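Here is what Swiss-Prot says about this protein:
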type	residues	note
BINDING	302, 358-359, 376-384, 398-401	UDP-alpha-D-glucose binding site
C-alpha cells in the first residue's frame with residue numbers, strides 16, 4: 001500500500017506520439033518531472049511497448065514504484081516489424097481508436113493504489129487527449145516536439161490553404177520552380193520559401209491525410225494550458241514570439257538532453273530508456289581510436305527511407321572523401337528492402353569506416369572525434385548536434401526537416417544542404433569542405449558559439465532552466 005506522502009504526489013500522465021523522435025524527448029521531460037517529485041505514468045502504444053521490451057529487455061519497462069509504463073491500442077493491425085509504423089496510418093487511426101482506452105487508463109489509475117492523475121503531458125500532435133483532459137477536469141500541457149521554426153511553419157498551414165498556395169495545382173509544381181515561391185508575409189520567417197515549409201504541403205489533394213492532420217492539430221494549440229518546446233530562446237526567439245498570439249503560455253525548456261544533467265545522478269533512472277532499436281555500444285570504442293574532429297557521423301534517423309541508388313551514392317561519396325566515418329543505417333532504410341551496402345564498398349572502407357544499425361546518438365555526438373554530422377535534419381538530431389558544437393550536412397526527408405535544414409544553412413550558419421537527387425561527387429565535396437575547407441572551419445566556429453549558448457540556457461539561472469521551474473510551479477502544481 002502506498003504511503004500518505006506517496007499518495008499526495010502530483011501525478012503526470014505522459015503520452016508521446018508513437019515514433020522514436022517523439023518518444024525520446026517525452027522520456028527526457030518525464031524524467032525531469034520525476035526528479036521534481038512527480039509520480040509518472042508513461043503511455044506508449046502496444047506496438048512500441050513491445051518493441052521497447054525487445055530492444056532493451058523485459059526489465060526495461062518495470063519502471064520504479066513512482067515511474068510506471070502502460071500501453072494503449074492505436075487501432076492499427078498487429079505487426080512484429082522492427083520499423084516505425086505508417087505515419088499516415090497512425091494519424092488516421094489514433095484519433096478514432098485511442099481516446100476511450102486512454103480514458104479507461106486514467107479511470108483505472110484514479111481507482112488504484114497510486115496518486116490520482118493531476119495533469120496530462122501530451123504530444124502536440126495527439127490532441128485527442130484534450131477530450132480526456134476535459135472529461136476528467138485535468139490541465140493538459142501540449143509538448144510540440146519540432147523546432148520552434150517548424151512549429152511556427154505548421155501554424156501557417158491554414159493560411160497557405162486560405163491564400164490558395166496549397167494544395168498544389170498538379171505534380172509539375174514539385175519540379176517547375178513553384179516551390180521556390182517566396183513568402184514575405186509570415187512574421188518571424190524572413191525570406192522563407194514554400195520549399196522550406198514542412199513537406200506535407202507537397203500534395204495536390206485537399207483531403208490529404210497529413211495536411212489535414214496538421215490543420216486539425218494546430219487548431220488545438222490554444223486549448224493547452226501551456227505549450228512546451230524543446231529549444232532555447234537564444235536560438236529561436238524570432239520563431240517563438242509570433243506563436244504567443246495562439247497561446248501565451250509557451251515554455252522553451254531545451255535542449256532537453258542537456259537538462260538531463262539534473263537527473264543523471266539518480267541511479268534508479270539509469271535503466272529507463274526509450275530507444276526502440278538495440279544500440280551497438282561498440283561504436284564508442286571505435287571512436288575512441290580516432291583523432292579529434294576526424295570522423296563523419298552519418299545517421300538519417302528513425303523514419304527516413306531512400307532508394308537503393310541513393311544509398312549507394314551516399315556510400316561512394318563517403319568512400320571517395322577518404323575520411324573516417326561512422327554510418328548508422330537501419331535495416332529498413334531502403335523502402336521495402338533490407339539495406340544492402342555493396343561488398344566492394346565495405347572492402348574499400350574497412351580501415352576507416354564503421355557501419356552499424358543503431359547507436360546512442362547523444363554519446364556519439366559528444367565524442368571529440370566527430371567532425372561533422374550528415375543528417376536528415378530531424379529536430380532531435382539537429383538540436384543535439386547544435387549543443388555539441390557539431391556542424392551539419394543536411395539531407396531533409398520529410399515533415400519539418402525542410403524547415404530545420406533551411407534554418408541550419410541560412411539563419412544559424414552551421415550547415416550545407418545536399419540535393420534530394422544525391423550524387424556521390426556532391427557528398428564527397430561537401431564532406432571535404434566541412435572537414436578541411438574554410439567554409440567548414442567557419443561553420444565549426446559558429447556551431448561552437450551555439451553550443452555555448454545552449455549550455456548557458458540549461459545552466460542554473462539560464463532561460464530554459466527558469467522556464468522549466470516556472471512551468472512546474474505556475475502550471476503543473478497550480479491548484
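Quick reminder: no glycine exception, Cβ is built from N, Cα and C everywhere.
All features noted in Swiss-Prot, drawn onto the structure.
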{"residue": "302", "record": "UDP-alpha-D-glucose binding site", "DSSP (3 states)": "coil"}
{"residue": "359", "record": "UDP-alpha-D-glucose binding site", "DSSP (3 states)": "coil"}
{"residue": "377", "record": "UDP-alpha-D-glucose binding site", "DSSP (3 states)": "coil"}
{"residue": "383", "record": "UDP-alpha-D-glucose binding site", "DSSP (3 states)": "helix"}
{"residue": "398", "record": "UDP-alpha-D-glucose binding site", "DSSP (3 states)": "coil"}
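Highest local Cβ density among the binding-site residues 383, 398 belongs to 383, counted as other Cβ atoms within 10 Å over all protein chains shown. Ranked by Cβ neighbours within 10 A across all protein chains shown, the binding-site residues 302, 400 are led by 400.
Once Cβ contacts within 10 Å are tallied over all protein chains shown, the binding-site residues 377, 381 are led by 377. All protein chains included, residue 379 (UDP-alpha-D-glucose binding site) registers 27 other Cβ atoms within 10 Å of its own Cβ. The Cβ of residue 359 (UDP-alpha-D-glucose binding site) has 23 neighbouring Cβ atoms from other residues within 10 Å, across all protein chains displayed.
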